[in-house]
Amino acid sequence: MAGVLKKTTGLVGLAVCNTPHERLRILYTKILDVLEEIPKNAAYRKYTEQITNEKLAMVKAEPDVKKLEDQLQGGQLEEVILQAEHELNLARKMREWKLWEPLVEEPPADQWKWPI
């Protein structure tokens, strides 16, 4: 793994991460662990799992920070870490909300009809 290449991200409030590969591996693994608790047929799990596995494979395969940033196409690795933290929070909320379950009550017949 390449050492720290910069002293600042140039983004207010976003500090440089000294171990971005390790941090991303941990976050992506946690996301996948949470997704395991969501049914396999849930769209959120299916697509998020696919994207997260792809990103995790890139992190494991590319030791160079700059090349990894280019592959992930999410900005600086610190920004990618922030995105992964947000995805982990969302995955936990999706697990809690159980959006794959049927609605408690039927929606109104013309709920999505427009114009009224």
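Every residue, even glycine, has its Cβ placed from backbone N, Cα and C.
Annotation source Swiss-Prot lists N-acetylalanine at ALA2, citing similarity to another entry.
For LYS30 (N6-acetyllysine), applying a Cβ distance below 8 Å and a minimum sequence separation of six or more within one chain yields LEU88. Annotation comment: Swiss-Prot describes LYS30 (among others) as N6-acetyllysine, evidence class a large-scale study or a structure entry.
Counting Cβ atoms from all protein chains shown, LYS46 (N6-acetyllysine) has 13 others lying within 10 Å of its own Cβ. What Swiss-Prot records for LYS46 (among others) is N6-acetyllysine.
Taking the Cβ of LYS60 (N6-acetyllysine) as reference, residues of its chain lying under 8 Å away and at least six apart in sequence are, in sequence order, ARG25. Taken from Swiss-Prot, the feature N6-acetyllysine covers LYS60 (among others), and the record attributes it to a large-scale study or a structure entry.
On its own chain, LYS98 (N6-succinyllysine) has no residue at least 6 apart in sequence with a Cβ closer than 8 Å to its own Cβ. According to its DSSP assignment, LYS98 (N6-succinyllysine) is coil. The annotation N6-succinyllysine is assigned in Swiss-Prot to LYS98.
Swiss-Prot lists LYS98 (among others) with the feature N6-acetyllysine.
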